[in-house]
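Structure record follows, encoded as structure tokens.
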Amino acid sequence: MWPLSHRHLCLAFLLVCVLSAISFFLHIYQDSIRHGLGLSILCPDRLVTAPVAIFCLPDSPMSPNTSSPCPQHPASLSGTWTIYPDGRFGNQMGQYATLLALAQLNGRRAFILPAMHATLAPVFRITLPVLAPEVDSSTPWRELQLHDWMSEEYADLGDPFLKLSGFPCSWTFFHHLREQIRSEFTLHDHLREEAQSVLRRLRLGRSGDRPRTFVGVHVRRGDYLQVMPQRWKGVVGNSAYLREAMDWFRARHEAPVFVVTSNGMEWCRENIDASKGDVMFAGDGQEASPWKDFALLTQCNHTIMTIGTFGFWAAYLAGGDTVYLANFTLPDSEFLKIFKPEAAFLPEWVGINADLSPLWTLAEP
């Protein structure tokens, strides 16, 4: 037998190494399958069984169903959009929902400003990140004031750095994302439980029975008592409207109870007929801490609203039937230039016309 050359020895050694490596990786692969271990060099497009090692490459796409340490924004989203937090509680809910919807529609990343976070985060499980003040001040924003209904131009906004403003609160912006919006506006547990505890304690006055159906009633008073007639040639809901709205529910639901909240609770007690034993004045009317009344309304089955974004959002989140005050301004009101009823109230909601006679009286010489 001829002795092996050095070259042959080297080739044999390399072959042994290759075979050993193949055997090792086959063993690892079989073990990973057996124990549910997955390895991915990209953010996965499906859920994987833990434990898992994930290496996210820059700009790698991510499925919305993926639960992983990958970046929260998909690679298709770019730029930075935000919105001025203006107005009170209901206004800022509308601004948040509109920002979220328009940013998604245009493939942009949405951020909220600290003031909006301070208003909404104590009440809801919102998820949009907060824009740091130093980033806000150094960003070359283009500003855009929105009107209160969806328009075609809002679906094709090319600005990477856009700061929105205005008081948008129209379902036409975000209704296609209703479940996502409802998820964003999920109450914190302690607020939901407190509201449900109040409802559990309510009893029908005549029988003492537990109500089967809860109808939340929001009566907007406060500054609207002057603003509506003096600036907008409009009215707020009166006792006749509330009586008709309650009768609408009494005719369609067995043993309902009406849970009244308002920023004018004294007026409600004096003007809403509670003689049937099915009206409960449950709201505290504190405008500085509106979330208690809001939580109560959202835990009801149905809603009676008058005017305003607070009532809109209570009805939108509660679901069920909604009755609203319709045609609450004169036909020549300037308010109708910034407010479109068909964009403000869902088509399935039921409108009851307002009594405009006090406005005709004011208009007389």
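Each residue, glycine too, has its Cβ placed from N, Cα and C.
Annotation source Swiss-Prot lists N-linked glycosylation site at Asn65 (among others), citing sequence analysis.
Sequence-distant contacts of Asn301 (N-linked glycosylation site), defined as residues of its own chain at least six apart whose C-beta falls under 8 angstroms from its C-beta, comprise Thr213, Phe214, Val215, Ala318, Gly319, Gly320. As annotated by Swiss-Prot, N-linked glycosylation site applies to Asn301 (among others), with the evidence given as sequence analysis.
All protein chains shown were included, and the count of other CB atoms within 10 Å of the CB of Asn327 (N-linked glycosylation site) stands at 15. Summarising the annotation, Swiss-Prot assigns N-linked glycosylation site to Asn327 (among others) and lists sequence analysis as the type of evidence.
Mean predicted confidence for the topological domain 'Cytoplasmic' (1-8): the pLDDT average there is 53. Under the heading topological domain 'Cytoplasmic', Swiss-Prot lists 1-8, citing sequence analysis as support.
Annotated topological domain 'Lumenal' per Swiss-Prot: 26-365, in sequence order, evidence recorded as sequence analysis.
What Swiss-Prot records for 9-25 is transmembrane segment, and it gives sequence analysis as the kind of evidence.
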